[in-house]
Ligand SMILES: *Cc1c(COP(=O)(O)O)cnc(C)c1O
């Protein structure tokens with residue numbers, strides 16, 4: 001008799017579905033036989049630049065020490081972050097990607113009988129981390145695809161321990177400004193932890209957006225999560241951090257795995273933070289690429305959601321699945337959003353100029369709109 005082990009898993013886990021990542025280049029290579037160097041991946045909001053040579057040499061130097069456990073307190077990386085951003089090192093928590101920090105928050109503050117407030121079209125990890133620990137997801141309808149901060153405020157009740165908000169938001173690219181953030185934070189009960197996820201903040205060259213790090217003294221219930229995987233280009237190594245009060249950092253450290261950030265990622269993160277020029281090049285290429293994509297999409301008569309990130313989310317005004325599949329057949333990987341209840345949309349990460357151009361040409365063919373003007 002075969003045993004259904006799923007029925008033996010805790011009920012919270014039975015409710016979960018595994019995270020669906022953007023399709024890997026190697027996977028499409030196996031499926032289609034297209035050579036890897038002809039495949040373009042615009043699916044996971046990664047940096048389109050080549051790996052930073054300074055980071056590569058820092059990893060090479062650190063490699064000789066891999067028989068040793070990493071520094072579990074990440075002393076050097078915390079000191080670098082503290083200097084660069086004017087933070088108290090005691091308030092910094094390091095993560096194996098910022099994903100790791102979101103899970104630590106859920107483990108530390110959520111359980112059955114408690115809830116977390118988040119927006120419709122929020123990053124899927126907020127809901128999975130909440131559900132995994134037995135807490136309830138309280139989803140607030142989005143407003144024009146973005147966080148409705150007033151709606152989220154009204155949703156907070158006695159059982160709410162955490163509010164998750166991303167600014168700018170993934171998968172929609174939307175954002176809110178400083179005034180809206182401050183008026184929201186001024187009204188959130190101090191007993192409710194607000195996680196401000198700034199995974200894309202480096203790309204938001206709009207000065208009206210709040211910088212979460214500037215608000216840590218004013219709001220003791222604020223945890224700002226940042227990633228080194230996107231604009232800093234360390235997606236394959238995994239590195240992120242949060243900044244908060246030292247007391248909240250102490251709480252997160254109680255659930256953190258002892259050596260959650262590996263020694264190569266620690267060394268790479270320090271080198272990446274030192275190289276402001278790499279970040280500037282990435283931002284400039286992103287600015288141009290975002291315009292290139294938005295212009296091209298508009299010329300094809302498609303509407304897209306305004307974005308302050310390194311991706312644009314496009315409305316196909318009908319099921320987008322066939323477009324996704326047809327692009328795959330041409331060696332172009334983008335991100336379907338049916339799992340986010342946005343079956344008519346695709347999310348396109350900004351690539352290098354020639355990659356964006358190839359995407360637009362392929363899309364023109366797929367839609368049968370003739371030559372791309
Ligand atoms: C990519 C992303 C993250 C996770 O980033 P990692 O540092 O790679 O774990 C967190 N939040 C949002 C909104 C993201 O898009």
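Cβ atoms here come from the backbone N, Cα and C positions, even for glycine.
Features as listed in TrEMBL:
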DOMAIN    38-360  domain 'Aminotransferase class I/classII large'
MOD_RES   230  N6-(pyridoxal phosphate)lysine
(message) Through the lens of DSSP with three states only, how would you label the residue listed as 'N6-(pyridoxal phosphate)lysine'?
(response) coil
(request) Taking the Cβ of residue 230 (N6-(pyridoxal phosphate)lysine) as the centre, count every other Cβ atom within 10 Å, in any protein chain shown. (result) 26
